[in-house]
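J.: I have a structure here, written as structure tokens, and I will follow up with some questions on it.
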Amino acid sequence: MEAIKKKMQMLKLDKENALDRAEQAEAEQKQAEERSKQLEDELAAMQKKLKGTEDELDKYSEALKDAQEKLELAEKKAADAEAEVASLNRRIQLVEEELDRAQERLATALQKLEEAEKAADESERGMKVIENRALKDEEKMELQEIQLKEAKHIAEEADRKYEEVARKLVIIEGDLERTEERAELAEFKCFELEEELKNVTNNLKFLEAQAEKYFQKKDKYEEEIKILTDKLKEAETRAEFAERSVAKLEKTIDDLEDELYAQKLKYKAISEELDHALNDMTSI
């Protein structure tokens, strides 16, 4: 009799354990179904996003073609203008050499002048010109320092956004690992759903890789358009500059301005790339 009671208790305990496992399996099955639905929604969104990216790539291809045609015309115009500028520069060089010789003769004549007051006035005017130029150079340097600080601030902000995205990605990966561990404990009823979930995940990864490929092509087209646009602007500026007046050629100032403009474009491009990366990773 005692053995029968023990047997009944064991059967009752097995029944309770079986019920617990059944409830746990049902809960995990529900979670797997919800996860499958979520991934299906993400898959549909990714397909829609890929369609938009393909349309946008077509648009960038047309824009790239137009920019290349404009660049060819501008480069031809710039080449003609540069040839004229080279000729004018040779003439300017001859004039400058003659001017140097004349200035040397003038300096020799001035040294022989007996009127010290006139020489002092000339020296004073020369000092004022030098002081004015030095003041302008200092103002320009201050402006460049301010612009450089702004560029550094943009780069620091971009680094901060990148670190924030990296932290979010680590959290998401941790959540995904825990979810996969719980899904592995499900009973045979959720096994088929897990297989379907794996297939959907593989499709999603494939689409993500495809999207990354399109994004890279998009970035490449954007960079090429940007480079061609910059070259077009530079060629047009050089042509207009040469046609307008050779006397306005101030090589040192132009080099500094071009270098500063390139740095601003560089930091702006870095900020935009990191913003795109942040948006893409957040949407994923």
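Heads up, the Cβ atoms here are built off N, Cα and C, so glycines get one too.
Residues annotated as coiled coil in Swiss-Prot, with similarity to another entry given as evidence: 1-284. What Swiss-Prot records for 12-40 is compositional bias 'Basic and acidic residues'. Marked as N-acetylmethionine by Swiss-Prot: M1. Look at Swiss-Prot and you will find T53, T108, T252, T282 tagged as phosphothreonine, backed by similarity to another entry. Residues or ranges marked as phosphoserine by Swiss-Prot: S61, S87, S271, S283. Per Swiss-Prot, the feature phosphotyrosine maps to Y261; the stated evidence is similarity to another entry. Marked as region 'Disordered' by Swiss-Prot: 1-40.
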J.: With every protein chain in view, how many other Cβ atoms are within 10 Å of the Cβ of S61 (phosphoserine)?
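T.: If we count other Cβ atoms within 10 Å of S61 (phosphoserine), we arrive at 13.
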J.: So what's the average pLDDT for the coiled coil (1-284)?
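T.: The average pLDDT of the model in the coiled coil (1-284) works out to 65.
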